[in-house]
């Protein structure tokens, strides 16, 4: 069996992964707060840990991996969005507006992540469906002396958990000394954090032993992971921005509520995403939602996925238009190579080895380039599938109704791809290239340049060689632009 090695944030080492139960490998990834469309940075952990999910399924069997990714559907930002609609004159109840907003945002999220080629997790719990489990965990923490109630709030007693800060490498005393925020008067200690907070009458709330209120953010993941994966499970993952305080607080809550378990054995964190070398920000004009890239800029989801996988998850990833263009051109060539090919029975050993070595997706992609250079379409298709690439679903490619290659046409209907034997554009392209050749021989360079500009403008790639002009179709080929030159 393939040995998987993963970098464990908790131990700061790359370790051989040994599941608790090979028949049920368990993975939890923190999901989105569903108040607006997912931005490009939200897509990185989804794609990275989708590759991990695929790898685990390949090694241990599809039915032996349980993957949980939650939706946080109770949050101040969600409330604010619903209140804004209410203030704008919507007559419906705030509860109805919140439900509509969260349902709509989850639908958007699924559309975007499906387009990125991400498999759906085994479970996608909504926080509001697990309030009872959260209340039960909070009651248990109070009974064990790890939490206390003040003025309708329930707070976790941070100093009751001696290992607090171990994941992020922080000292509680140092954090207090460096704090620059006003401490709520009902806290015993500045580091204590909220497990439950009161809700105003107009805001969402649930009855509890401490009055009507709603859960704090951190308790949600602790309760849902316990209910769906147990007190101890294999891997907990998410973005590096969640390492502190969210993941640190999850560990404290879960280990104090269930000391018999160890919570997550392995912690994995993907690094941040930059755009053109800078932090993504609306004020800088470099903030993109995945929907923006797909719909407004016409970048296929598969292209976005390949760019995200081009940098190791443990390093900051820089999104640029140049990387997207390169990925698009590469995937176009690979899709043509594999269009009429059945995948090989197993992936390339070097691709599998790269992914098993701490999800080394850049090395895996480099190997895919080598396989493509050997024109082994069957092996390329099987191997790329481990990275969620070259799937039969076109993953957002916007293609003309018929794409000609030197020997066939790919006809696209919806998301299905079919190969047929006619070549409606080949003769046109070759006729134009022959006219260009004759114009050059006759030293009519104005006309030869016009023909070249016409072909290039239509998305035809031309390479002049001593033996004559060679051509191929680029990813932006549009037969409608194959008019006559001036």
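Any Cβ shown, glycine's included, is placed from N, Cα and C.
Given the structure is predicted, the values throughout are model-derived calculations rather than measurements.
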Annotated range (Swiss-Prot: motif ''KMSKS' region') out of 269-273, 274-278, 279-283: 279-283
Residues flagged as motif ''HIGH' region' in Swiss-Prot, choosing from 10-20, 21-31, 32-42: 32-42
Surrounding residues of the motif ''KMSKS' region' (279-283) on its own chain - C-beta under 8 Å, 6+ positions past either end: 39-41, 272-273
Fewest other Cβ within 10 angstroms of its own Cβ, chosen from the binding-site residues 30, 221: 30
C-beta crowding around residue 282 (ATP binding site), within 10 angstroms: 8
DSSP-derived structure type at residue 221 (Zn(2+) binding site), helix or strand or else coil: helix
Tertiary neighbours of residue 250 (Zn(2+) binding site) (same chain, Cβ under 8 Å, six or more apart): 218, 221, 222, 225, 236, 263
Cβ-Cβ distance under 8 Å to residue 246 (Zn(2+) binding site), same chain, at least six residues away: 30, 217, 218, 221, 238
Structural state of residue 246 (Zn(2+) binding site), classified by DSSP into three states: helix
